Amino acid sequence: MNVPFRVGQGYDVHALVAGRPLIIGGVTIPHTHGLQGHSDADVLLHAVTDALLGAAGLGDIGRHFPDTDPAYRGADSRVLLRDAVAKVRAAGWAPVNIDATVHAQAPKIGPHAGAMVANIAADAGIDSASVNIKAKTNEGLGYLGRKEGIAATVVALLARAS
C-alpha cells in the first residue's frame, strides 16, 4: 500500500545522576544532576529520533547508534538526530510535525521549551510551528516522581517526499 503519511512514536528514559550535565532537547539546563547514558543522554532527542526512524520503518536509535559502539560515547544527540533525519529523507519521507512530552518532576522544563523547539525544528528541517513540547510532572509518583529519572514521549508525522 502506498500511503501518503506515516506516524511514529518514541519513548526514552534515563536515570538522573550526579556529575553529569543535564541536556534535554539540545539545551543544557542548570540542575544538580544530569542524565546517565552512553551518549549525552538527551532523553527528548532520543525519543524524537526513535519516533522519526519508527515512522519511516527504519527501526530505532539503538540499531543506528548502538550504545555498545565506542564511536557514540558522549555523542551529541543533535548530531544523531540530524543523521536520523537524513536516513528518513533518504527512505523517501519528510518530517511534518513532532509533538513531545517531557516527564520530569524537576527541573521545570517550560522555561527551556522554546530553545528545545528551535533545536528540534532546525535539526528536523521543519518550521518551529510544527514542533510542540509539553512538560508534565508525575505528581510525585514512581521513579519519575521521586526525581530518579526523566522520560520523554514523542509522536511524529511523516509525509511521503515528493
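A Cβ is built for glycine as well, from the same backbone N, Cα and C atoms used for every other residue.
Listed features, source Swiss-Prot:
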| type | residues | note |
| --- | --- | --- |
| BINDING | D12, V13, H14, H38, S39, D60, I61, G62, F65, P66, D67, T68, D69, R146 | 4-CDP-2-C-methyl-D-erythritol 2-phosphate binding site |
| BINDING | D12, H14, H46 | divalent metal cation binding site |
| SITE | H38 | site 'Transition state stabilizer' |
| SITE | T137 | site 'Transition state stabilizer' |
Out of D12, D67, which has the highest number of nearby Cβ atoms, where nearby means within 10 Å of its Cβ, if these are the binding-site residues? D12
Out of H38, H46, which of the recorded positions has the smallest number of neighbouring Cβ atoms within 10 Å? H38
So if I draw a 10 Å sphere around the Cβ of D69 (4-CDP-2-C-methyl-D-erythritol 2-phosphate binding site), how many other Cβ atoms end up inside it? 10
Of the binding-site residues listed here (H46, F65, D67), which is spatially closest to T137 (site 'Transition state stabilizer') when Cα positions are compared? H46
May I have the list of same-chain residues other than D12, H14, H46 whose Cβ is within 8 Å of the Cβ centroid of the recorded divalent metal cation site, in sequence order? V13, L35, G37, A41, D42, V43, L44, L45, A47, A151, A152
Whole-number Å distance between the CA of H14 (4-CDP-2-C-methyl-D-erythritol 2-phosphate binding site) and the CA of H46 (divalent metal cation binding site)? 10
List the Cα distance (Å, whole number) between S39 (4-CDP-2-C-methyl-D-erythritol 2-phosphate binding site) and H46 (divalent metal cation binding site). 10
Which recorded positions sit within 10 Å of H46 (divalent metal cation binding site) - Cα, from D12, H38, I61, D67, D69: D12, I61
For 4-CDP-2-C-methyl-D-erythritol 2-phosphate, with binders D12, V13, H14, H38, S39, D60, I61, G62, F65, P66, D67, T68, D69, R146, what's the maximum Cα separation in whole Å? 31
